[in-house]
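Read the structure below first, then the notes.
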Amino acid sequence: MKTTIILILLTHWVYSQNPISGNNTATLCLGHHAVANGTLVKTITDDQIEVTNATELVQSTSIGKICNNPYRVLDGRNCTLIDAMLGDPHCDAFQYEKWDLFIERSSAFSNCYPYDIPDYASLRSIVASSGTLEFTAEGFTWTGVTQNGESGSCRRGSADSFFSRLNWLTKSGDSYPTLNVTMPNNNNFDKLYIWGIHHPSTNDEQTKLYVQESGRVTVSTKRSQQTIIPNIGSRPWVRGQAGRISIYWTIVKPGDVLMINSNGNLVAPRGYFKMRTEKSSIMRSDAPIDTCVSECITPNGSIPNDKPFQNVNKVTYGKCPKYIKQNTLKLATGMRNVPEKQIRGIFGAIAGFIENGWEGMVDGWYGFRYQNSEGTGQAGDLKSTQAAIDQINGKLNRVIERTNEKFHQIEKEFSEVEGRIQDLEKYVEDTKIDLWSYNAELLVALENQHTIDLTDAEMNKLFEKTRRQLRENAEDMGGGCFKIYHKCDNACIGSIRNGTYDHYIYRDEALNNRFQIKGVELKSGYKDWILWISFAISCFLICVVLLGFIMWACQKGNIRCNICI
């Protein structure tokens, strides 16, 4: 009986005794910042991982207008660039204009003699990149023909007129002699000459204007030669005309000579455009032009270039983000987010980074929570926080530097004859976009992985630094917490945080408390044995008491037991 009582008391003592006095020990936990609702990002190893903060890397909207600063933007209004270059009467205001970017509107139209340009896209690109319509007249001598032809389809004011940069030559009297004209280029720059050939709608119109039943135009330089024969025939009526003019162009290098030979149908040049090697360009857009500042322009409008990627438009001008297919790519600028649990383990509000993050930290990404004789508290660790921030801060700028284009992506145009070239160019362009889209996703995933790894590493560094300070004065409780075996007030906690903690000062006290606690602390395996032994003895005692009661009752006659055989 005495043995039973001793075992019961021992079992009660194991579970009720608190060997750690609140005044002689403390609990210190290390943790990191957390938010209630984080942001999902992609890493190399995870498609979705939650972080405390992230920055969007894809610009998906424009500001809806084109900024006229820092680039010189010229609004074409009702004129195309080619009409302005040819000298269409309603585009006279554009003579000698200059631009960085020429904006062509969908409302632009031609208002002169109907024409076509077999190599329209190339001529448009050359003139656009030159950045000016500066024109120099030259003294061509056209003997035996009538100059300055006019048309009722091309009116300047109330009078019949023609393209101001071209000279329509027709017969003089009843003759149209063969013309041979040369014009040397004695300058140190390339000259662009625009000329053409007239296609009458009928044979009668051909002989009426040029005498010969069929004319011919040959334009030559040392490097090239073009011979064009008019195609006589009726065409759909445009501005009252069934005839057409085909426009051609020739570039004459310094030291070269322009030679023109014709016996009819010639639309002659009046001079040349000075070729410039600028980074000017042209863009089709209906976005309004406004006074603002933006270094990147798209047909949708200007866009900020503070992000490395954009999916607003493939066509851009200026210093622009790289076009990709993705609508969103997020760069992690915070650590892995583990939202704080509402109910935690045996330490209540004191739980370390292994278990979860801490919400409400305002003085750092990493910090300490403690419980001692003076109560509980929390404080950030600025050094580890700053170390993580310094490594993350430069990420966005580095990604922008790697991806922003310092040039423009022009529109690609090809004639129907060049359909195969257009298909090939489109395939190449689409392949480039696919490649950049893949590279962008991979680059961001790598950066996100690095961010999460380095923020985790800073947490581990802080934990190891604290563990090395405390040494044998504390025990790692797991979960990012330490049990300190000596009295550690707020000043003591502060010394641990700032790295001035001297474990020798508290060594004796900690060892003494640790031995006292360990001396009476029973391991979980022995507790289980005691419980089972206690349970068995208790059951035995109950059986003995019950059997004794039955025997006593039988002796007194209170219980009767009949055994029948």
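Going from the start of the chain as shown, residues are counted 1 onward.
Even glycines carry a Cβ here, placed using N, Cα and C.
The shown structure was predicted, so the numbers you read here are calculated from the model rather than taken from an experiment.
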From C481, C492, partner that Swiss-Prot gives for the disulfide involving C488: C492
Partner cysteine of C67 (disulphide bond, per Swiss-Prot) from C112, C154, C292: C292
Disulphide partner cysteine [Swiss-Prot] for C112, chosen from C29, C154, C296: C154
Stretch-averaged pLDDT - the topological domain 'Extracellular' (17-529): 87
Per-residue Cβ crowding (10 Å cut-off), top of glycosylation sites N78, N180, N300, N498: N300
Least surrounded among the glycosylation sites, given as N37, N53, when other CB atoms within 10 Å are counted: N37
Surrounding CB atoms that lie within 10 Å of the CB of C554 (S-palmitoyl cysteine), all protein chains: 12
N78 (N-linked glycosylation site) and N180 (N-linked glycosylation site), Cα-Cα, nearest whole angstrom: 38
